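Trainee: My structure is below; once you've seen it, I'll send some questions.
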């Protein structure tokens, strides 16, 4: 599943394609959304926001399209009039004079009014977004030590969108490798230096992944600077200590780590 950096890059691409341009055609696959097609003709996208792995497309008439790609959803940008070559099922089409954005295969799609947006169950439940520039390590540290999260093992906590939105499995293992911790630790057991390092890594690594334009594709992460230290590198040498990277399962997800330098 794409994680926060990949969702944010998708949002950037959508904004670059159609932001501020009048919509000339709108199509939704789901019957409950059909009524909005005519309401959106002539309107424009004001901005595309991410909340963790959810994407919010805001329109000039104050409606917002909520979509969560889950495992299979994908947005694509094409020139208007061009057919996208895919076997995926089209769910959403937003067309302007020169560019069209298409959402395929997703099933979690809703149109929300401003009032509904504030009350949406997922958006109410989700924690601060790791890519939000206003989120600081100090706030992250407060969340780590809060009664709600301080007794949770990191193996599960770092996958919980209620803790911090946008984290996922590759970020989980890379963050824990960076700070030299295993997944069975809890925030309440860390010393001050460990807490400080973890709070910074929880923001620095997702933001570094996003900023260096890496792409997750077929279990590889291709980017100018960001590269995996442990994710999908089981059996290889750890660049920090020379130990052998291992793979296990934690919180029902593959977990990659180095026994030599993660304790």
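Glycine residues also receive a Cβ, built from the backbone N, Cα and C atoms like all the rest.
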Trainee: Please identify the range among 194-228, 229-263 that Swiss-Prot labels zinc finger.
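Mentor: Feature zinc finger in Swiss-Prot: residues 229-263.
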Trainee: With every protein chain in view, how many other Cβ atoms are within 10 Å of the Cβ of residue 169 (DNA binding site)?
Mentor: 18
Trainee: Would you mind listing the long-range same-chain contacts of the zinc finger (229-263), meaning Cβ under 8 Å and 6+ residues beyond its ends?
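Mentor: Distant Cβ neighbours of the zinc finger (229-263) are 155-156, 159, 169-170, 172-174, 176-178, 180-184, 219-221.
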Trainee: Between residue 70 (DNA binding site) and residue 53 (active site, proton donor), how far is it from one CA atom to the other, in Å?
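Mentor: Residue 70 (DNA binding site) to residue 53 (active site, proton donor), Cα-Cα distance: 8 Å.
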Trainee: Quick one: average pLDDT across the zinc finger (229-263), no decimals.
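Mentor: Across the residues of the zinc finger (229-263) the model's pLDDT averages 96 on the 0 to 100 scale.
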Trainee: List the active-site residues among 3, 53, 253 whose C-alpha is within 10 Å of the C-alpha of residue 169 (DNA binding site), in sequence order, or say none.
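Mentor: Those close enough are 3, 253.
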Trainee: How far apart, in Å, are the two Cα atoms that lie farthest from each other among 70, 125, 169, the residues recorded as binding DNA?
Mentor: 19
